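The following features are taken from TrEMBL:
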type     : residues : note
DOMAIN   : 26-104   : domain 'RRM'
REGION   : 105-128  : region 'Disordered'
COMPBIAS : 107-118  : compositional bias 'Polar residues'
Amino acid sequence: MAMAMRLPAITRAVTEVANSPADPSTNLFVSGLSKRTTSEGLRTAFAQFGEVADAKVVTDRVSGYSKGFGFVRYATLEDSAKGIAGMDGKFLDGWVIFAEYARPREQSQSYQPQNNMSRPPYSPYGNR
């Protein structure tokens, strides 16, 4: 007789939030991009569904190569819904891409400069 494992309530809650769809917005998260896809190519592909205010392929700071995802911001909610319907699961530069409403960045993930006086200054000679 097999027993079903029950996840702790907090684990279930976190999983449900992570898997729930984001609220509709004009900003879309696009994943599955080819390393060849440029911001201009992303803009062109999504422009057929409405007025694109901005399109950005996220790149590695050191290498400059695409990280395989990006963002498209439309002028209206209606256009963003058309963009998802028209591009989600479609091919772009030979790769199947996925488009969904972007989730807002959580406070804990955003950069907040702090004056951390408890941390010793950096020493090129290691920690002594």
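Easy rule for this one: first residue shown is 1, then count along the chain.
Each Cβ is built from the backbone N, Cα and C atoms, and glycine gets one as well.
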Original post:
What are the helix, strand and coil residue counts for the domain 'RRM' (26-104) according to DSSP?
Top reply: 20 helix, 30 strand, 29 coil
Original post:
Across the domain 'RRM' (26-104), what is the average pLDDT of the model, as a whole number?
Top reply: 97
